[in-house]
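Lifted from TrEMBL, the feature list:
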- 89-94, 141-144, 176-185, ASP211: FMN binding site (BINDING)
- ARG301, THR538, SER599, ARG600, LYS605, LYS606, TYR607, VAL608, THR609, ASP642: NADP(+) binding site (BINDING)
- ARG457, TYR458, TYR459, SER460, THR475, ALA476, VAL477, TYR481, GLY491, VAL492, ALA493, THR494, TRP680: FAD binding site (BINDING)
- 83-227: domain 'Flavodoxin-like' (DOMAIN)
- 282-524: domain 'FAD-binding FR-type' (DOMAIN)
- 20-39: transmembrane segment (TRANSMEM)
Amino acid sequence: MENSEGVKIESTVVTEEPLISALDIALFVVIITVAYFWYFKRDKQSSSSEKKPYTIQPSSLSSIEQTSNSSFIKKLKSTGRSLVVFYGSQTGTAEEFAGRIAKEGARYKMKGMVADPEECDMADLVEMKEIQKSLAIFCIATYGEGDPTDNAMDFYEWLQNGDADLEGLNYAVFGLGNKTYEHYNEIAIYIDQRLEELGATRVHEIGLGDDDANIEDDFVSWKEKLWESVCSHYGIEETGEESNIRQYKSVDCSEVLPERIFSGEISRLKSYENQRFPFDVKNPYLSKIAVNRELHKSGDRSCMHIEFDIDGSKMRYDTGDHVAVYPKNSSELVDKIGELLNADLDAVFSLLNTDEESSKKHPFPCPCTYRTALTYYLDITSNPRTHIMKELIEYASDPKDQEKLKLMASSTPEGKKEFHEWILRDNRNIVHILEDLPSVKPDLDHLCELLPRLQCRYYSISSSPKVYPKSIHITAVLVNYTTPTNRVNKGVATNLLAQLIPTNDELPQPTIPIYIRRSQFRLPPKSQTPIIMIGPGTGLAPFRGFIQERDYARKEGREIGEMVLYFGCRKKDEDFIYENELQEYVANGTLTKLHLAFSRDQPEKKYVTHLLEQNADELWNIIGEKSGHLYVCGDARSMAKDVHSIIVKVVMEKGQMTNSQALNYVKKMEQQKRYSADVWS
């Protein structure tokens, strides 16, 4: 043994074998290779996570195209433009307004372009001063509880966290909001002020549009004064040219192979046949309807309890989140448009942007049939805006129809009055307009360009994932009403949902595209924290999920805090939804108190707000003495405002504060997420 080892050592000395063996070199190469790929893969993932996907553009772009399109300054310079209009849009209105401003720029010798801030490097704003007579306009919507829209979030955070020198940037801001909400136009106001703080020059004062009143009127009035300020600031004059320039051109796609034609998908071809996780606004999940049952016991109204099956989808939701539902228009209305315009709805076409530099190549997924566009992609049931009236003028063969359209498209007091009465008050949609002005026969492809996109509808989720991890529940009232012209208008989403009734297991179940939208409407982190929930009608929806979650915790043996629910409806025997469930939660102790108000079960109407006023001691005990949380869900226009006033009054009286102190107390509750509202107008 010793001799053998001695020979080996001797041999090593004689041959002078290198200190690093071949095995060592091989291991070293492997380590370097792994490190190299790990580093660059991590870098790539980091870059992709920092750049969010485009959430409005229906036809997806490659990552290379998105990168090359990120410099709006290069586009402006290469195409001789001086006007860029950015939009922060959740429903498409801000994007529409941005397009109208950019289009009108030509009348003032300012060639314009529309830009999505999510697709742009907004740090390039510092270079706007390099372009002669340049102007940046921002059409910005405020969303949720004073939040930026999804596509404006990065820009908003850049303004908050950065300190760029924007001297030489000329700008104007128009905000889109709703006065029924507390944070009215908060994001637009912030952006307007922040740009000035960073050295930019405000060319025209901020415009604030109120969607609860007439946001179209607000926008048109602001836009007219904007151009006056622009002319004064730059020393230019209006050319006076009134031309309706098409943004998109129609292309016949009858030769396109059937597998390349969109049939209702939001972004990716065949996405409903080949579902891919994750699911979001551009890639919804085609969910089966597992349950669809009536909640009202009697009466002429309908309220549906619907359960979406998400088993196997990998989708996850939290109590208090919203679910977005993609609806489709009724075939009756779609066929009516084809009949009125004598059009072949099954013809395949595409709308291509005439601006080759635009990242938005199509207004909706193309190519498709006109029937598909009118069914899945275009809003044919809302009140058209004045710019559509203006575009329809050239298609009216009857002088009387022409004059009526011209009047409604004008900004005169008479024109505004006519538009308000004939369109808004009488609740006419595009189908009604074509019926009542029979000489108006627009080209169908142009009409498809003009109409806004059909938007998904959001519903508060009325279930807890702890109890129902494989399904999402919603509570929805069927919308049907008669207009002043004796037409019956139907809610697009709820009337579709009402038809989706599950059958026996042997037949294919009805489906609908959905995705989950995160919410800040959350239960307190500690299950022991007492809460008050105020939710009349379908405002009960998220609280059903809250109660389920606390009941689940109680059954697990955890301590839960007081749960007080205020619920109201018209009549106990008609529309007391989830009555048996609520009574059971009271019986088992999960729901501490259930305050009920049935407005029409007695001569004098009784609402939840009346009960709140009567229970001031209980309110203060929970939100004041026990630092509990208060939640409101329902109508923003009246109920939520009345609740807020009552809470302030209770804090004043029971907390022995002045009005100013009480307002500050409630404001602090909101900041601490102890006072939350999930409301709609």
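Keep in mind that glycine also has a Cβ here, set from the backbone N, Cα and C atoms.
Projection of TrEMBL feature records onto the structure.
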residue : record               : contacts (Cβ under 8 Å, 6+ apart)
ARG457  : FAD binding site     : ALA324, VAL325, PRO327, VAL492, ALA493
TYR459  : FAD binding site     : HIS322, VAL323, VAL325, ILE474, THR475, ALA476, ALA541
VAL477  : FAD binding site     : ARG301, SER302, CYS303, MET304, THR494, GLY537, THR538
SER599  : NADP(+) binding site : GLY568, CYS569, ARG570, LYS605, LYS606, TYR607
THR609  : NADP(+) binding site : MET639, ASP642, VAL643, ILE646
TRP680  : FAD binding site     : GLY634, ASP635, ALA636
(request) Give the distance between the Cα atoms of TYR184 (FMN binding site) and GLY491 (FAD binding site), rounded to the nearest whole Å. (result) 26
(message) Please give me the CB contact count at 10 A for GLY144 (FMN binding site), counting all chains in the structure.
(response) 16
(message) I need the CA-to-CA distance for GLY491 (FAD binding site) versus GLY92 (FMN binding site), whole Å please.
(response) 19
(request) Count the other Cβ atoms sitting within 10 Å of the Cβ of ALA493 (FAD binding site), across every protein chain shown. (result) 21
(message) Need one number for the FAD-binding residues ARG457, TYR458, TYR459, SER460, THR475, ALA476, VAL477, TYR481, GLY491, VAL492, ALA493, THR494, TRP680: the maximum pairwise CA distance in Å, whole number please.
(response) 23
(request) Count the Cβ atoms, other than its own, that fall within 10 Å of the Cβ of SER89 (FMN binding site), considering every protein chain shown. (result) 25
(message) Assuming the binding residues for NADP(+) are exactly those in the record, ARG301, THR538, SER599, ARG600, LYS605, LYS606, TYR607, VAL608, THR609, ASP642, what is the maximum CA-CA distance in angstrom, rounded?
(response) 26
(message) Could you tell me the mean pLDDT the prediction assigns to the domain 'FAD-binding FR-type' (282-524)?
(response) 96
(message) Validating a neighbour-count step here. Other CB atoms within 10 A of the CB of TYR181 (FMN binding site): how many?
(response) 24
(request) Could you tally the C-beta atoms, other than its own, that fall within 10 angstroms of the C-beta of ARG301 (NADP(+) binding site)? (result) 13
(request) Could you tell me which of these binding-site residues, GLY92, ALA141, has the greatest number of Cβ atoms within 10 Å of its own Cβ? (result) ALA141
(request) Measuring CB to CB from ASN178 (FMN binding site), give everything in the same chain under 8 Å that is also at least six residues away in sequence. (result) TYR184, ASP210, ASP211, ASP212, ALA636, SER681
(message) From the DSSP assignment alone, can you count helix, strand and coil residues within the domain 'Flavodoxin-like' (83-227)?
(response) 65 helix, 35 strand, 45 coil
